[in-house]
Structure formats: C-alpha cells, structure tokens
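Asker: The structure that follows is given in the form of structure tokens.
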Amino acid sequence: EMVDYYVGIGANGLEMDVSFDSNGKAEYTYHGVPCDCFRSCTRSEKFSVYLDYVRQITTPGNPKFRENLIFLIMDLKLNDLEPHALYNAGIDIADQLSKNYWKDDGKARAHFLISIPYVSQTAFVDGFRWWFEKKGLEKYYEKIGWDFSANEDLNSIQATYQKLNITGHTWQSDGITNCLTRGTERLTQAIQKRDTPGNSYLNKVYAWSLDKYGSIKQALDLGVDGVMSNYPQRMVEILSEGTYLERFRLATYEDNPWETFKQ
C-alpha cells in the first residue's frame, strides 16, 4: 500500500527500515517509535514479503511493473546486535535478496543501497560478502552499494572503506529526522570529499529527511545527488521549475547510481 502510494506520487527510490531478531535474522520492514514527524511509525510487513513485492514492481514485463522505481535503500536497524549476530545479519540479508528479490535470475532491476549505522558494525559486511562468494552471487555486486548513516566522522568512514577494500559503489548520507533542523557543515564536507580529485571512496551524497521546500532547495544548491523526503511530489515540483529544471532531473534506470556526476 505505502510502496504503491509513494511510487505513484513520483518517488524513484524507496527506503525500507529493516528490523532483526537477536540472532541477526531480518524480520520486518518496520521503524517503530521514534520516527519522522507526521508519519505512521508502527506499520510493518514481513521482510521477505516486502522484498517479493518490490521485486514484482521492478521487474519489466510483470503486470505490476513501475518504471520509475529504480533504487532501494535498506536502513538496517543493527544497533542492538552482538558481533556474531551482525555477521549473521549480513548472511541473512544476502540470502534473502537472492531468494526473494533475484529469484527470477536477476530480472528485477533495482539497485540496492545497504545503509549500516556505524563503522563499528562491519561484521555485517563480512557476513554479506562471505555468503555472496559462497553461493556464487558475485554478479549481483553490480547492484549493491554501501552507506554509513550515523553521521560519523567522514575520515573514519573513509578509513573503514579502505580497511574493507571497498573503492566504489558508495553513497554518503547526512541527516536527521524531519522533526529537527540540522546544519549543513558535514553535508558540505561530504560533497567536497566527493568532488576531490583522486577520491575513490565516495561516489554520491544524499540528505535526509527533507520535507520543506526550502530545505530541499538548499540541499540541491549545495550539490547533493539525492534527497530523501516524505513528500517526493515536492521534489518533482521543484525540479520542474527555474534553475532546478536546467541543472537537475530525476534519475532513471539508464543512469549509473555508482558513478560520480560532474556538474
């Protein structure tokens, strides 16, 4: 229901909040309290069911196919998990993607950004990659990108990617719940890092959750690659006017989400 609603009003990407049991099994797409203002925080769906539904609407030829939905962000709720459970969570997400999203041999075409809160939670990445390689899923790495979402020091995030030997397919988020206002200092720093010659660890920058017209425009003026909003129709409206119409457009499937765009 919510997927159809947001895609219907113009969203080309969706965020799913993924909750886990204590062993690292992904259970529900669910946020819980607190969440963004003016949103229902308590809706939930089984993770496997959600993945299967977005598979259908991102598969060309499926009766439910929606051409504009091209990008899915998994906001992983990992903060209560012990290291062994983080590793298991990585295995489980990789396994569920292969069974519930790519089960038609990869005909479903969306790209996934896997958003991990903290750099201390890299056991998740280890588990995910181990399962990919064990099961021969390497061809799907092209569909996977990475993000650390807890607004940590950008140099620490860069060092973590180096340690993990990740040199591409990375987005950097910066943001806070729409209930609060946040300065743009770190967001600006991330954009500067993205645009530094020789940078190989940061491809794209996005801001969240921006719902006011002025906040969305400010982020675009700074040069972000994406905006997460509870009101995607406002972004569509902004991009249809003035200088924004000249400088920006909504991404389509033909665009590479891992390629740094030079303005």
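Think of each number as a place in line: the chain as shown, counted from 1.
Cβ atoms are placed via backbone N, Cα and C, with glycine included.
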Asker: Look at the Mg(2+) binding annotation in Swiss-Prot, where Glu15, Asp17 are given, and name the residue from Asp52, Asp75, Asp80 listed for that site too.
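Answerer: So the Mg(2+) site in Swiss-Prot includes Glu15, Asp17 plus, from the candidates Asp52, Asp75, Asp80, Asp75.
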Asker: Taking the Cβ of Asp17 (Mg(2+) binding site) as the centre, how many other Cβ atoms fall within a 10 Å radius?
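Answerer: 18, counting other Cβ atoms within 10 Å of Asp17 (Mg(2+) binding site).
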Asker: Determine the Cβ neighbour count for Glu15 (Mg(2+) binding site): the number of other Cβ atoms within 10 Å of its Cβ.
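Answerer: The Cβ of Glu15 (Mg(2+) binding site) has 18 Cβ neighbours within 10 Å.
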